[in-house]
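Q: As annotated by TrEMBL, transmembrane segment applies to 50-69, 76-100, 106-130.
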């Protein structure tokens, strides 16, 4: 399997892409505040802390992904973790493109990818429960 230190970079880079696309194609501050889905992004824009927010989010995504994959590496759940992180990253990349596409159907598809991430997380949980040995 791929090195977890490298895989953990993918969601952080996806966040950078998402927010870069958001700020480039949103059409300005007022349009962004009106149409942006994320209340945290709207708060950052309204309070002029976008750079700090972006750097914090990238660091947060990397640290959480790194820690999760490091813990999952010796288990049978590592593959689920990688798929889950890739789905989260895909959601951010597709979300960034939503400022270019600007279609309700496209936005629903982006939400569908988010739902797929939840399904993978539930499947991993189910797998872990089924594989857990009985205590005697």
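Keep in mind that glycine also has a Cβ here, set from the backbone N, Cα and C atoms.
If you look at the structure here, what lies around each of the features I listed?
A: Residues of the same chain lying 6 or more positions beyond the ends of the transmembrane segment (50-69) and with a Cβ under 8 Å from any Cβ of it are 4-5, 7-16, 19, 23, 40-41, 44, 78, 81-82, 85.
Panel annotation: around the transmembrane segment (76-100), residues 1-2, 4, 7-8, 10-11, 13-15, 17-22, 24-26, 37, 65, 68-69, 106-107, 109-110, 113-114, 116-117, 120-121, 123-124, 127-128, 131 of the same chain, lying at least six beyond its termini, place a Cβ under 8 Å from a Cβ of the stretch.
Sequence-distant contacts of the transmembrane segment (106-130) (same chain, six or more residues past either end, CB-CB distance under 8 Å): 76-77, 80-81, 83-84, 87-88, 90-91, 94-95, 97-98.
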